[in-house]
Every structure is written in C-alpha cells, then in structure tokens.
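Enquirer: Sharing a structure, written as structure tokens. Questions coming.
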Amino acid sequence: MIPIIRPGLVVKRLQSPKIFLTLWKTCYNVKTYSTESIKQKKPQDLNWPTFLKLRKSRRIFETLTSIPTALTGLGLGSAYFLTRTVDPTMTIMGLDLFTLYVIGTIASGGLGWLLGPSIGRKIWTLLHKSQARQIAAREQEFYRHLVKNRVTPQMESYSNPIPDYYGEKIYSLSDYRRWLRDQKAYIQRAFWRTSNR
C-alpha cells in the first residue's frame, strides 16, 4: 500500500495494482491529448521564401498606394487653395497669394504621397490578416538577422557607402545571400583601407 500524490489527485492506499495502472494510464492519456491539442492549435510558421515574397508584395502595394493618396491630396489641396479669391496687392514674405496657393497645393499632394505607404501597409495587413502574426514574428527575426550581420555605421565613408543598410532590397534568399556577400566585401574594403594608412 503506497501513498500516491498527484496534482489534483490524492490516493492514500491502493488495494490492487489494477487501480494504480488505470490511474496511471488516465493521467498519461490526459497529458498526451492536452499536448497534442496544443500542438494542433499552433499555426504553421512561415518559411523564408514565402515570407520574402509576402514582404515584396507588401512593398509593391505600399508604393502603388502612394499614387491614389498623392492624387487625393493634390485634389483636396487644389479644391481648397485654388478656389480661394486672390488679392493681387497682398503679399506674404514677398510672395503673392497665388504663388503660395500653388505651393500649398503641391505640398498637399506631397503629403498624400508620404502618407501612402503607411495607409498601404494597413490595408495590406488587413488583406493578409490570417498571417499577420506569423509575418510579424518573421519580421522581427529577419531584423535580428540584419542587425547581427550588417556593417556598423562607423565604418562608412563618402567613397565607401554602406550597401543596403536596412535590407530593403532583399526579396528572396538569393538576394539575402548577395546582401551577406556585400556586407563581407564592405568589411574587407574598409579593413584594407584602414590598414594601408
């Protein structure tokens, strides 16, 4: 008669080994099924080629979204500035009002162009909502790889600029390998330049 203590289960005395085996199998099965259900609920990780393709499509979508936002900004700016009355005798900082209104219209188009990528990223994320967490996790891991392998900015000079510091041109595994080679070549060039002095 052995006292057995398990989490949530206390049996003081077992009368037969059959009861012990039954309890042991029950606890083992509960543990097995619970871990299997956890494994099944966990989503599959994105592989690197898929992540890099999604990253490229996001970048293209952000750039293309800048076009309608720039046109919208230009349209709103022209609707506001170019419909106002202009007094030809009034000047601000030596410029007549019509010139300032044209500058304001162009600036509102530029503001629309600058807002385009952030709006495009939000829309793209909503379109790929099912993979948003996986993409965010891969993005963090990708950034850690970049930080670990890229050149320190102290080595930069005008004659030897750092190649693709933020990894914006990496859209495939071959691009990533090329980026790594460029970083190593940059370090070698910087080393030879400093050692020859």
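Just so you know, glycine gets a Cβ as well, placed from its N, Cα and C.
Swiss-Prot lists these features:
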type	residues	note
TRANSIT	1-33	transit peptide
TOPO_DOM	34-62	topological domain 'Mitochondrial matrix'
TRANSMEM	63-83	transmembrane segment
TOPO_DOM	84-96	topological domain 'Mitochondrial intermembrane'
TRANSMEM	97-117	transmembrane segment
TOPO_DOM	118-197	topological domain 'Mitochondrial matrix'
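Looking at the shown structure, can you explain where the listed features end up?
Expert: Note on the topological domain 'Mitochondrial matrix' (34-62): mean pLDDT across this stretch is 77.
Across the topological domain 'Mitochondrial matrix' (118-197), DSSP helix (H, G, I), strand (E, B) and coil residues number 57 helix, 0 strand, 23 coil.
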Enquirer: Other than its close neighbours in sequence, what residues sit by the topological domain 'Mitochondrial intermembrane' (84-96), given a CB gap under 8 Å and a spacing of at least six beyond its ends?
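Expert: For the topological domain 'Mitochondrial intermembrane' (84-96), the list is empty: none.
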Enquirer: Using DSSP, how many residues in the topological domain 'Mitochondrial intermembrane' (84-96) fall into helix, strand and coil?
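Expert: Tallying H, G and I as helix, E and B as strand, the rest coil: 0 helix, 4 strand, 9 coil.
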